[in-house]
Structure formats: structure tokens, C-alpha cells
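Enquirer: Handing you a structure now.
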């Protein structure tokens, strides 16, 4: 199974981009993994309302979701896991038989209620804190990498 982190808009900080790329490469040593970046509607429509930007973002995300994908939204109201619990959940996802695990990070305004209702059966919360959508990328790839090392019994994670 391929695992894809689907994000909206490029990472603006070179430092964050470098760290995200480092973890992307590390994860690639364990599982087929990539990061897919969709254009940020905010960048194209500077005068669009927040609701319109949110709707455009969700439409763009929906356009790349295949029926065979197992979709997990990264959402503040999703399920919280410890790192070990997340590793176990990631293993269950990988054993599900889906063609691709699609971990979706919304744009700066998150997902519409309709999008969450349709695609939000699986949702993962990294924290109860509000995080920028760019920081979520870094935390997500680090936790995916950590889960891979836990599943292999490697010494990266310390309880």
C-alpha cells in the first residue's frame, strides 16, 4: 500500500520544508510514501471569502480521492493517539487491503462540514492545540516515521 500525505499549498518556510523533506526520505526507507501538494486556492483568489476558499480547497482535495483510497483526515476533532497507538493504527490501515492510504491535511481554513461528513469516517488529531496547516505536515511526517520505527522495533522511540 502506498501512503500519501495530501496537503494544500507549498510549505512557505524553507526550514520547515527541509525538515519535512528529511522525514519524507526517512519514511521512504520503510514504506512507499509521498507528499502530494495541491494548489492553494487562497493564492489564486486573493479576494475570495473564507467559505469560498474552504469550499474550493475541499473540491480540489475531493478531485484526487480515488474510490479505492482509505482516507484519513488530519483534523483537530479527530482521534488522538499515543505514538505506540498510532503505530498500531497505521499497521491496521496498511493491512486493510486499500490501494492507498491518503492522509489529508486541509488548508488554512480546514474542511467544510459536508466534506467531513463524506470523507471524515477516519480522522486523526495530532493535538488538541490549534496548529498551522504547515506545522501539521511536519508533525505528521515525524509521527509516521516514528510509527515505522516502532513497528520495526528500532530504537528511535523512547517510552
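Just so it is clear, glycine is given a Cβ too, placed from its N, Cα and C backbone atoms.
Those TrEMBL annotations? Automatic predictions, nothing curated.
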Enquirer: Quick check: of 38, 70, 74, which does TrEMBL put in the same S-adenosyl-L-methionine site as 106, 126, 127, 128, 129, 130, 131?
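Expert: Candidate listed by TrEMBL for the same site: 74.
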Enquirer: Any same-chain residues 6+ apart from residue 131 (S-adenosyl-L-methionine binding site) with CB under 8 Å of its CB? Would you list them in sequence order, or say none?
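Expert: For residue 131 (S-adenosyl-L-methionine binding site), the qualifying residues are 76, 139.
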Enquirer: Can you tell which of 74, 126, 129 has the most other C-beta atoms within 10 Å, given these are the binding-site residues?
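Expert: By the 10 Å Cβ neighbour count, 74 comes out on top.
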Enquirer: Including all protein chains displayed, how many Cβ atoms other than that of residue 128 (S-adenosyl-L-methionine binding site) lie within 10 Å of its Cβ?
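Expert: Residue 128 (S-adenosyl-L-methionine binding site) is surrounded by 9 other Cβ atoms within 10 Å.
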